[in-house]
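Taken from TrEMBL as is:
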- B:6-30: transmembrane segment (TRANSMEM)
- B:89-295: domain 'Cytochrome c assembly protein' (DOMAIN)
- B:96-114: transmembrane segment (TRANSMEM)
- B:121-142: transmembrane segment (TRANSMEM)
- B:177-197: transmembrane segment (TRANSMEM)
- B:209-229: transmembrane segment (TRANSMEM)
- B:249-265: transmembrane segment (TRANSMEM)
- B:274-293: transmembrane segment (TRANSMEM)
- B:313-331: transmembrane segment (TRANSMEM)
- B:315-643: domain 'Cytochrome c-type biogenesis protein CcmF C-terminal' (DOMAIN)
- B:352-375: transmembrane segment (TRANSMEM)
- B:421-443: transmembrane segment (TRANSMEM)
- B:449-469: transmembrane segment (TRANSMEM)
- B:493-514: transmembrane segment (TRANSMEM)
Amino acid sequence: MKPRQKRLLFVALAIVGVGTAATLALTALNSNISYFFSPTQVLANEAPQDRVFRLGGLVTEGSIQRQDDGLTVHFDVTDNAETVTVAYTGILPDLFSEGQGVVTKGRLGPDGVFYADEVLAKHDESYMPPEVESTLKTAQADGVSDTAETAGVSN
Amino acid sequence: MVPELGHFALILALAITLVQAVLPLAGSFTGNRTWMAMARPLAWGQLTFTSIAFGCLLLAFLTDDFSVIYVASNSNTLMPLIYKISAVWGAHEGSLLLWALMLAAWGAAVAAYSKNLPLPMVARVLAVMGMVAIGFLLFMLLTSNPFERIYPAPLEGRDLNPLLQDPGLAIHPPMLYMGYVGFSVAFAFAIAALLGGKLDAAWARWSRPWTAIAWVFLTIGIALGSWWSYYELGWGGWWFWDPVENASFMPWLVGTALIHSLAVTEKRAAFKSWTVLLAISAFSLSLLGTFLVRSGVLTSVHAFATDPARGSFILLFLCVVIGGSLALYAWRAADISGGGRFDLLSRESFLLINNLLFTALTILVLFGTLAPLIYEAAGWGKISVGFPWFNKMFVALSPLLVLATGIGPNTRWKHDEPARLLRALWLAAGLGIAAFLLVSWPGFSARDIGVGVGIGMSLWLVVTHLASLRDRLKHKGGLRALRRDINPSSRSYYGMQLAHLGLAVFIVGVTMVSNDGVETDVRMSPGDVHVHEASGYRFQFNGVTAVPGPNYRAQRGEFVVYDGEREIAVLHPEKRHYLSGGMPMTEAAIDAGLLRDIYISLGEPIGSSGDWALRLYYKPYVRWIWLGAILMALGATVSASDRRYRSVRNRAPAPAGAAEAVA
């Protein structure tokens, strides 16, 4: 093979390879990304019924209910306008507590309960997940929220 | 007084660095040897004053000087000495100072170990490193001064983030930074060569050991971080595809490509412009990593600094560095192309495949990391990319990579015969496939195939490298000559062997722990016994008691672990509440072994009868992951110490840039 042909072959192979890889990567990405929704959006039926998404907000005070038999726990997540109940089986992160910001990942059940298989609370008590922060701000700006409890959100 | 001294030293360091960035460079173009010769003493001066600044901050921590804001917010009188030291780089300002210190140290190291380099090259390299240092020193002085005072001084500091109070994390950031900053040397060499307009084998030979050493630090830094998160975060994961992990992984991937591409440039004078591009990319990604971490643009465990002024400064700096070097590259690259020709079947081809794959992996990680930002900026919604996607991408590409890694060392430079290659590789291929079949037979379930592929790939790597060794020694007297062949001038070869063996070990670790690990979350009452069906281990829970610590109170569980009837370990996982307040910390208890870890961590108490939610994990071969990383780092260290890189003069042609310097 002449050097020129060889180089062309290399380039062609590289393009085919990159093209294939990019297509596969994007296809796989599509099934692995999860969108974020607030309780208000969930109750407005904006969230998908059939796929995994993330739900975030504040854990409502006094809403954590541990089921006696095992590791299942129920709690409410609110954006100070609407509230969705979350069910989770497993060990909650250290930072999970009432009044704190939380992001959960899972599916919405037909009963309106969000069945989470992942609960993320960040490793810093003054940290607020950005999605949750903006959600709360939106809820406030819309005038739906009349509580002043979001003061801690600004930091 | 001491903090002001530190602040002043920092300003002096900046002044020196400004001269270092300009004078030697100007000298290298005008042929002024005095100006060029200034580069070395200036680099030492930069190191001296940056060290003084660092020493002042350290002293402030050791003397609990809470009138310094940074000390007050990251230290505490109760903290053990070692964490007072590591607290210096525990947060934003101090870690930048550490970064600047390391940059100065790398510069001084170049000044000290460049006796074989032509003076114009040294002058240019140190000038470029000076430019990078200006960026960091300015950043610190303008937006993140670690010496800022507070009045009135608080009586007690706020304590270091408890997560960071750990020996692993005390040395993780310095290692990582040594790696990041170390790529600035390869970068400076590349820019210097572009400025001089001469890229040759000698240039690659100078760059190789520096790049390898930086890569070693980065490898160890990443491995330490992985090990730390494994035992400290309390849920036994060793890699999360967290944006900050990705930020350190991207320079590593490009750095790996760079190491291999430099080999081709040195041996065959090929891939020149590509190598330069990789050197620029490796350092740019290090800077990008800093930007991602420090600006807090991404949702992440590590995003503890959120300040738009800092973010914009780094972004600007990033644009100047990347934009500037790419512009220079575009301007000069046309002059440096060419180099050795090679056939399709040659070692060059396989190293090219290596480079393409590592580049592809880097792009994938970069894309996955930035995708949430892209989506949000484009108004497509707020997304997160799940770690299964990253795993899939790596699982898809790594077999190709491993295949090439096995073939490459057995291939001749420039041209090889298919028949010869086949003779060299059939045994390895056969054994690899046999191992795959043996492990996967007869179930061929997803687990079996996964483990089979992993073990097959590892065996393939080991056997191909033995074949390469055999081929190397064939004309030297066979295996008996091995002892004689291992000498200072063959270290780059044996380093390669060691590093690739590390890859094989790493693959075994990842394969086994991903496929055969058992992770159970259970609720247990004191006295309960839980049995892991798959591994046969029995866990007996003896309840939780309260224990005091130096600056925390702990709840400590006791577990007795049995293998069958035999008692193998008594483990004490803890839940710690730091006196300074804040979040509780989970300290996992681990019974470590070469073939498996037993990992227990406390979740939370349930009810009032002493029940706890617990994590009982069985992690087969998990140590092999870090062992593999250690072997890789060791291999690169051995390789960097090859004598050929030091006795450059004998073989190097006319030093780059010397002609114009004389003119």
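Glycine too: its Cβ is placed from the backbone N, Cα and C atoms.
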*asked:* Counting only residues 6 or more past its boundaries, what in the same chain has a CB within less than 8 Å of a CB in the transmembrane segment (B:6-30)?
replied: 36-39, 42-43, 45-46, 49-50, 52-57, 60, 97, 100, 104, 119-120, 122-124, 126-131, 133-134, 137-138, 140-141, 145-147, 195-196, 657, 660-661
_Mean pLDDT for the domain 'Cytochrome c-type biogenesis protein CcmF C-terminal' (B:315-643), rounded to an integer?_
90
*Answer yes if the transmembrane segment (B:449-469) and the transmembrane segment (B:493-514) have at least three CB pairs under 8 Å among residue pairs 6 or more apart in sequence, and no otherwise.*
yes
*Recorded stretch that, among B:121-142, B:177-197, B:313-331, B:493-514, has the most CB pairs under 8 Å to the transmembrane segment (B:96-114)*: B:121-142
